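What TrEMBL says about this protein:
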ACT_SITE  66  active site, proton acceptor
BINDING   67, 70, 72, 74, 76, 87  Ca(2+) 1 binding site
BINDING   159  substrate binding site
BINDING   189  heme b binding site
BINDING   190, 240, 248  Ca(2+) 2 binding site
DISULFID  35-113  disulfide bond
DISULFID  68-73  disulfide bond
DISULFID  119-317  disulfide bond
DISULFID  196-228  disulfide bond
DOMAIN    25-321  domain 'Plant heme peroxidase family profile'
SIGNAL    1-23  signal peptide
SITE      62  site 'Transition state stabilizer'
């Protein structure tokens, strides 16, 4: 048994070493000479789209997260297979929106710098620019990723809204992310919507005995029950009531008051490190949150990237070359 554990640890260490080695091929301003207009082109398209539909911010952020956690940040979530067995058709990805923004960015870049800018880099840039459009943080995006050629629906295993803190920490550590990255990136729930099916157990049948989740503030739970009946499968709920269209620190204030929407939000209070961060941001009105979010996004953007001669630069983001 001990030998098996040592083997698992050794394999995980090797994966992280390889990821770090590949990430060394990334740098800020990678396209400075080959396509100096790249970031400006993407930013203009994102800002125009967000002005028309600000609710696209959350799914665009999640798109990058979902891409990086499956096969690394290689744009595999964008691929469409004729048999529909691609990542895009996995259940957790069915609510993603904004793929047209990626396509528009790629088309505009191909006119100016054909075959230069990868779809995986476009995803990273779009995620950043969408947050800026919502008055959120900005950070310098490392670029230089190349695109993967594989997308498999069966590989989509993502951290879940139903996960406890131990499972969340394990999932994040497997990608080279620590407890601080977990709680910081969870702060992305300051924007966007959840839906009643993701809450029904917490409200009506938490332990299988017709009870509610005791970690959920009772007044908040009562308000949610008014909006979500047990059989409701469609009603949308604001992740951060009152400011779900603005990227701010109020998410942490809600979690500190036991008003996080998902079990995974409430779980942040079950670990000393994540709990301390939640209360620190709630107490100081997010004094370091914007900076920390940028740091963790850059770190996430290095997960299992393809650089150098690995992968390819797709001509169209939905299909491999």
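Using the three backbone atoms N, Cα and C, a Cβ is placed for every residue, glycine included.
TrEMBL does not curate its annotations; it predicts them automatically.
Small disclaimer: the values here were computed from a predicted structure and weren't measured.
Among the recorded positions listed here, namely 62, 113, 240, 62 has its C-alpha nearest to that of residue 87 (Ca(2+) 1 binding site).
In the structure as shown, the Cβ atom of residue 68 (disulfide bond) sits within 10 Å of 26 other Cβ atoms. Other Cβ atoms within 10 Å of the Cβ of residue 196 (disulfide bond), summed over all protein chains shown, number 19. In space, 159 is the closest of the binding-site residues 159, 189, 240, 248 to residue 73 (disulfide bond), judged by Cα positions. Checking each of the recorded positions 72, 74, 119, 159, 196 against residue 240 (Ca(2+) 2 binding site) by C-alpha distance, the shortest gap belongs to 196.
Taking the centroid of the Cβ atoms of 190, 240, 248 as the Ca(2+) 2 site, the other same-chain residues with Cβ within 8 Å of it are 187, 189, 191, 239, 243, 244, 246, 247, 249, 250, 251. Non-local neighbourhood of residue 62 (site 'Transition state stabilizer'): 96, 188, 192, each in the same chain, at least six residues away, with C-beta under 8 Å from its C-beta. Per-residue pLDDT, averaged over the domain 'Plant heme peroxidase family profile' (25-321), rounds to 95. Around the Cβ of residue 190 (Ca(2+) 2 binding site), the same chain contributes 239, 240, 243, 244, 246, 247, 248, 249, 250, 251, each under 8 angstroms and 6 or more positions distant in sequence. Comparing the Cα of residue 72 (Ca(2+) 1 binding site) with the Cα of every entry in 113, 119, 189, 196, these being the recorded positions, the smallest distance points to 119.
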